[in-house]
Amino acid sequence: MWPLWLLASLLALSQALPFEQKAFWDFTLDDGLPMLNDEEASGADSTSGIPDLDALPPTFSAMCPFGCHCHLRVVQCSDLGLKAVPKEISPDTTLLDLQNNDISELRKDDFKGLQHLYALVLVNNKISRSTRRPSAPDGLKLNYLRISEAKLTGIPKDLPETLNELHLDHNKIQAIELEDLLRYSKLYRLGLGHNQIRMIENGSLSFLPTLRELHLDNNKLSRVPAGLPDLKLLQVVYLHTNNITKVGVNDFCPVGFGVKRAYYNGISLFNN
């Protein structure tokens, strides 16, 4: 039988609502790391949050893909019906927006030479796989990647290991296997909401020692994922709208006294 204070605490935490993204450039400084705010709300305008490029002074780089808008170090190639990542992208580009196109895969040389690329947005494409080699010498050092509203059935295993934020919400991912997250030990935020995830293999989350936010809402999980107590920096967990029928006393916090970990800011368990 659980103590009443513990049940009350979990009930209060379970009412936490998802974060609301105000703008794509809403950086939050967290121990010196710029983090982009999340957008997990369904039905949101997929173009909201992208900078108003008309308000930015243009640069006169000769390298700008046909049909794209290039301002400063931002390249916006959205809504062009592109079937592949365009060529002739300036090597000093830091943000590349490719949302609302028909790109079906990421190939090994798509981003070759883009050593300063910080953020890549691939929302609402037809991406079902990535054929990048994990050790591809393309110099890509992404911090932020969003492949939402696509056709992924699993977590790609060949994305840059430099990622701090990976958002794969609104796909068709069904499971998280042990080796899926092996490369991504630097992740601070992982978004996997609105998928079809039924199973998370034990030990999968152990490869994410710096994780602070985990979004697993709107999936088909029947229990709280194993390994959450071991993530000492984890502060936010979204598990609402799943099929979770019970919560164990040790599902979120480590066993024993004197075990140091960050305090939770939010745990959402409603609609289970």
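Backbone N, Cα and C define each Cβ position, glycine as well.
According to Swiss-Prot, the signal peptide annotation covers 1-16.
The feature O-linked glycosylation site is assigned by Swiss-Prot to SER42 (among others).
What Swiss-Prot lists as O-linked glycosylation site is SER48 (among others).
The disulfide bond annotation in Swiss-Prot covers CYS64-CYS70 (among others) and is backed by similarity to another entry. For CYS64 (disulfide bond), the same-chain residues 6+ apart in sequence whose C-beta sits under 8 angstroms from its C-beta are CYS70, VAL75, GLU88, SER90.
Classification of CYS68 (disulfide bond) by DSSP places it in coil, neither helical nor stranded. Per Swiss-Prot, disulfide bond is recorded for CYS68-CYS77 (among others), and the stated evidence type is similarity to another entry.
The average pLDDT computed over the repeat 'LRR 1' (92-113) stands at 93. Per Swiss-Prot, the feature repeat 'LRR 1' maps to 92-113.
Taken from Swiss-Prot, the feature repeat 'LRR 2' applies to 116-137.
Swiss-Prot lists 138-161 with the feature repeat 'LRR 3'. Here the repeat 'LRR 3' (138-161) has long-range neighbours at 34, 36, 46, 106, 108-109, 111-115, 117-132, 167-177, 179-186, 191-192, meaning same-chain residues at least 6 beyond its ends whose C-beta is under 8 angstroms from one of its own.
Per Swiss-Prot, repeat 'LRR 4' is recorded for 162-183.
Marked as repeat 'LRR 8' by Swiss-Prot: 255-272.
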Item to check | Cβ neighbours within the same chain of CYS77 (disulfide bond) - under 8 Å, at least six residues apart | outcome: PRO65, GLY67, CYS68, HIS69, PRO86, LEU96, ASP97, LEU98, ASN101
